[in-house]
Amino acid sequence: MSHEMVEVSTVTDRREEGAFSRKFTRTASQQRSVIIEDSPPSPDINGENEKEAEVAEKRWKACLEKVSYSLLIFFCGMFITVDGFNKTGIPNTLWELVEPYSRIDSAKGVALLAVVILILSNVASNVPTVLLLGTRVAASAAAISHDSERKAWLILAWVSTVAGNLTLLGSAANLIVCEQARRAQFFGYNVSFWSHLRFGVPLTIVVTAIGLLIVTSY
């Protein structure tokens, strides 16, 4: 009797274990299917990389289209030319001829120095003018007095800056403005050399004279 009860109990336990195993397997399978259905689709990494590359390419192309290559070439050529011209010795020779008459200890000397700076700034632009005349003007004024050297730098800075208004070639900033005006999308305007000269000459002369009176009065 007891042996039969043990066998029945064993069979019952096996049936319960089998039912539990089937139920567990079915539940796990259902959970796995739910997870798979609810999970977002995996991103196409290669596709995203291609899109990012296309966007980056459009951006750098747009940037390169806005670069003014003519101005870059102009600046490169300007500094190369100035350095080469300075090594020829011609600037020293010309300055030795002009220097005795352009000392800033007299009104005539200041006026002549201003004319030299104005002319040279519009022939070679104002940045090369400062590079060529800076140390020479300072050395000439230092021979007079320490205060004269400071005044000479002020005169050179003022006249070379204002000289850029005389003609389009007087300052690189003028060329940049004209280039931007010409390339404007809706209101493009071409500033010619002569149209700029009409108001550039009288404006430069008046402003230069006023500034020199103020600078030399220190």
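Backbone N, Cα and C define each Cβ position, glycine as well.
According to TrEMBL, the feature region 'Disordered' maps to residues 1-26, out of the candidate ranges 1-26, 27-52.
Residues of the domain 'Citrate transporter-like' (58-163) grouped by DSSP class, helix first, strand second and coil last, total 92 helix, 0 strand, 14 coil. Per-residue pLDDT, averaged across the domain 'Citrate transporter-like' (58-163), gives 86.
Counting only same-chain residues 6+ beyond the ends of the transmembrane segment (197-215), those with a CB under 8 A from a CB of the stretch are 110-111, 114, 118, 151, 154-155, 158-159, 162-163, 165-167, 170.
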